[in-house]
Amino acid sequence: MIKLFHINKIFQQGARSINALSDISLHVPQGQIYGVIGSSGAGKSTLIRCVNMLERPTSGQVLVNGQDLTILSDSDLTRARRRIGMIFQHFNLLSSRTVFGNIALPLELDNIPKAEIKKRVDELLELVGLTDKHDAYPANLSGGQKQRVAIARALANSPKVLLCDEATSALDPATTRSILELLKDINRRLGLTILLITHEMDVVKRICDQVAVISGGQLIEQDIVSEVFSHPKTPIAQAFIQSTLHLDIPEDYVQKMQSHPAPNLSPLLKLEFTGQSVDAPLISMAVRRFNIDMNILSSQIDYAGGVKFGVMLAELHGENGGVESTIKFLQDHHVKVEVLGYV
């Protein structure tokens, strides 16, 4: 549905050339939700704007719905863009128009008959859950409601693809969840292909089928979400995943923790579980097998792409090599073990 081949984008700043995107290739299958994640300045927005040619790549091919947009004439590109919807972090609604008027605008520009416009807008209002806001103005809407209007407007011409440029960044967590659920519902109901960019791994975790990680204008990792969460291949991907699961060491432990082992101290471990290691009773197995005691201080488990992953802070007590054997046992069963200190 969306195929990018060797996309490069160079911006000229005086005599200086800035490589915003370097040799990026990716494929978004039809009907999937594909996330692109990266830090600020990584090139995410430039990439998504290349998909509908708001930014023209310096080189490379952009195929959407089987068409190479980079070789289309201006008139053909305008027609192709009607099948590509887009929403932004800022809603860009017309304050002088009602909700109905904002959604109807793309249809009016296409000279669609009024009766058809009314029918289509009513369908979209029901789809996004705003049937009671037909005559409301943007000033009287919440942030989440404004984004729902923007989504409805983006769907007015029945696009095959929806591009989401940091669409939830300006929203509070509860509203973000509701907008993500709406996008997932639209994807399921309409078979819509969605490409979204974000700097939040929680967004990817909640709705994406596949994810690509971008850094410094380069695509450094891409795979199905469950694989990236289970086996991240780059430090940047690992950092994004850890941002979704973060456990703080209790203050009293921070104050008494030592950096080196001693006869009267026990190791404080951070254990990271992914995939099968989450479901296996590894802790109870280790306690029985190596005759150790484990004091679990805190833990958290979450899901992404149908795969569970989790993190745990635990204090480990044992004798006669039990601690070392336990750590090796856990590592052999694909648990990442980090000794944070000794308490």
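Backbone N, Cα and C atoms are what each Cβ position is placed from, and that goes for glycine too.
Swiss-Prot annotations:
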BINDING   GLY38, SER39, SER40, GLY41, ALA42, GLY43, LYS44, SER45  ATP binding site
DOMAIN    2-241  domain 'ABC transporter'
For SER40 (ATP binding site), the number of other Cβ atoms found within 10 Å of its own Cβ: 7
So among the binding-site residues SER39, SER45, who's got the most Cβ atoms within 10 Å? SER45
As a test of the contact definition, list every same-chain residue at least 6 positions from GLY38 (ATP binding site) whose Cβ is closer than 8 Å to its Cβ. LYS44, ILE197, HIS199, VAL213, ILE214, SER215, ILE236
Per DSSP (helix/strand/coil reduction), LYS44 (ATP binding site) sits in helix
Can you list, in sequence order, the residues of the same chain other than GLY38, SER39, SER40, GLY41, ALA42, GLY43, LYS44, SER45 whose CB lies within 8 Å of the CB centroid of the ATP site? HIS199, ILE214, SER215
Fewest neighbouring Cβ atoms within 10 Å: which of the binding-site residues GLY41, GLY43? GLY41
